[in-house]
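Annotation source Swiss-Prot lists Mn(2+) binding site at ASN177, GLU243. Sequence annotations record features per position, and here Swiss-Prot assigns prenylated FMN binding site to ILE180, TYR181, ARG182, ARG194, TRP195, LEU196, ARG199, GLY200 based on sequence analysis. Swiss-Prot lists ASP318 with the feature active site, proton donor.
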Amino acid sequence: MKYRDLRDFIHGLEQRGELRRVTQPVSPVLEMTELCDRVLRAGGPALLFDAPAGHRFPVLGNLFGTPRRVALGMGVDADDEAALASLRDIGRLLSALKEPDPPKRLKDAGKLLSLAKAVWDMGPKTVSAPPCQEIVWEGDDVDLHKLPIQTCWPGDAGPLLTWGLTVTRGPNKTRQNLGIYRQQLIGRNKLIMRWLAHRGGALDFREFALKHPGQPYPVAVVLGADPATMLGAVTPVPDSLSEYQFAGLLRGARTELAKCVTPGVDALQVPARAEIVLEGFIHPQQGAPAPAPEGAPPRPAAGAAAGYEHALEGPYGDHTGYYNEQEWFPVFTVERITMRRDAIYHSTYTGKPPDEPAVLGVALNEVFVPLLQKQFAEITDFYLPPEGCSYRMAIVQMKKSYAGHAKRVMFGVWSFLRQFMYTKFIVVVDEDVNVRDWKEVIWAITTRVDPARDTVLVENTPIDYLDFASPVAGLGSKMGLDATNKWPGETQREWGRPIEMDAAVKARVDRLWTEIGLS
């Protein structure tokens, strides 16, 4: 089943019993978080709050709260286990797009041409009179407080926009970038754009500030896009392919786009059937900035981007299960808000796993496996345990071929995808260890690891800014554990031989099992 827009997806989920409408008044301040958190932990449905307290816009929460709903959003209709297997097919598609195999036969060349044609055919198309612009707020009508923006946790600094797809373009790029960055509400038309330095939006902004210093930087934020576009924004799409094209491949139909209506932002294109779109700019700082609060970190001082309006963001509860520190980020000033009639506001929360990002991580884990295997054929499985805050720990299963092989794989994973830049811990195991079973992983660590020989420590590496355990914000260490069987050259001792029951005895006990009445 392919979904043209969010409403189509909501209808499909409701038909499958995967969405529940909440008609009772529920407050966006804390109550929605608590309700969504309980439902997600129970493996329950997406929630559509028809009557959010104090607001007229319905709120959609817990949309991707199970792997099955993630797969449904990518066009795969199956239960959780089958859905995860199907997501590997999407990973194989991405792998082929990222690095196509040279054709060995005429048949292979035909497949490669078919794939290239499919990508070409799924280029987005621009439409006129798009649904996302049925209603336009401008001037004094622009008031973000009218939207039911959630305050997720008691210690949060204020309401937080969480599921916005931020659309940017760098001055030297033809393709647009889609990224999901949380945004703190600080005024009727102002949000703090929390994009980390390595993310696409931040890179586009810095390049623009260098090339056009003192000029406003155009930005659009999309709320309530179709599921394929939302998931395309969190998938490791090759740089040669736009997220809109990839969404078209998932959907089986070209992504319909609309030009933004605000002068200066109209070079950006947004999904034509999105629920709500915020259009505006990051403006240069006018005059001297207000003094920083006592004890606050210093304002950005280096680089062209430092000359733009910034504000102190946070603290907010995050996917680590803790409140993060305050930091300075650019201020996004909203000039216009466009929307569909009867628009739906899409939201989420982040907290100690499991949360929605953790579920997305479980699903995207299956997409990562073929990508890794394309680069490292020795990798036989890969797992990002959700308890590891989506990406901070990885368990790698491999077919080991020589001494030192596991360490090569560690460094390969750390450097392969941007998503693994912040992975703090990597454990490498042999093929006989199930990476999804902590009991087996712990057994491998405790029986196959010598702490001095098999631990790799790397200092002064990029680390998530939210990781307060690192000694310096954004810079910390990484640790790899080689929990594989050791080869000659790695040990001078005779390696242990695993205990295994005689096959004939196992077969006899299989026959006795039913006779004894144990089945």
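Any Cβ shown, glycine's included, is placed from N, Cα and C.
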| query | Which state, by DSSP, holds GLY200 (prenylated FMN binding site): helix, strand or coil? | reply | helix
| request: List, in sequence order, the residues of the same chain other than ILE180, TYR181, ARG182, ARG194, TRP195, LEU196, ARG199, GLY200 whose Cβ lies within 8 Å of the centroid of the Cβ atoms of the recorded prenylated FMN site. | output: THR166, GLY179, MET193, GLY201, ALA202
| message | Can you tell me the CA-to-CA distance separating GLU243 (Mn(2+) binding site) and TYR181 (prenylated FMN binding site), as a whole number of Å? | response | 16
| request: Over all pairs in ILE180, TYR181, ARG182, ARG194, TRP195, LEU196, ARG199, GLY200, the listed prenylated FMN binding residues, work out the largest Cα-Cα distance in Å. | output: 14
| task | Please name which of the binding-site residues listed here, ARG182, ARG194, TRP195, GLY200, is nearest in space to the residue listed as 'active site, proton donor', Cα against Cα. | result | ARG182
| query | Counting all other Cβ atoms within 10 Å across every protein chain shown, which of the binding-site residues ASN177, TYR181, ARG199, GLY200, GLU243 scores highest? | reply | GLU243
| request: Report, in whole Å, the straight Cα-to-Cα distance of ASN177 (Mn(2+) binding site) from ARG199 (prenylated FMN binding site). | output: 10
| message | When DSSP is mapped onto helix/strand/coil, what comes out for GLU243 (Mn(2+) binding site)? | response | helix
| Does DSSP give TYR181 (prenylated FMN binding site) helix, strand or coil? | coil
